Amino acid sequence: VADSLSSTKTKSTNVAIIVVLVLSLLTSLLSSGFTCTNAVSNPYQTFLGPTGVYTWNSICGILILIAMILFPVNIEAHSLSEELARGCSTSVQSHIKSQHSYGYSYWILLLILFLNIASLIIIYFYDHARYSKKKEQERPIENAPKDVILF
């Protein structure tokens, strides 16, 4: 009964991790769509502009972080590496001091997280520079020389 309960918890956690990863993929696609729309058109300060890209990149980063936390917790809590080793082993051995090793697909998630953060930083600085330039253009009379103002 305890083994069945553990197996059910493991399966439900695996399904939750997959759902989180699918949702992060969808939010990443939405962010890419908004970014392409902003590259082609002139973005306004609506949800289709930088605010939308901020939102979807942030949600994607949070979901990736949740998946990166849930996966090792599931592996450690249910000793899935040891269970897999027992299932693959032909001889009867006790797997004492077994270690968990995460492949490149897990570490790609860390790269995705860093790229989301980098794109948020780039958009912030670009939006801030554009805002500063707009404010500078709104007040040209203050920066003009005195003899130009007389004409």
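Indices start at 1 and increase along the chain as displayed.
Even glycines carry a Cβ here, placed using N, Cα and C.
Whatever TrEMBL says is automated annotation, not expert-curated.
From a predicted model like this one, the values you see are computed outputs, not experimental measurements.
Summarising the annotation, TrEMBL assigns transmembrane segment to 15-41 (among others).
Under 8 Å from some Cβ of the transmembrane segment (53-73) lie the Cβ atoms of residues 13, 16-17, 20-21, 23-24, 27-28, 30-31, 34-35, 38, 47, 100, 102, 106, 109-110, 112-113, 116-117, 119-120, 123-124, all in the same chain and six or more residues away from its ends. What TrEMBL lists as transmembrane segment is 53-73 (among others).
Look at TrEMBL and you will find 104-126 (among others) tagged as transmembrane segment.
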Outside the transmembrane segment (104-126), six or more residues from its ends: residues with CB under 8 Å to it: 24, 28, 31, 35, 50, 53-54, 57-58, 60-61, 64-65, 67-68, 71
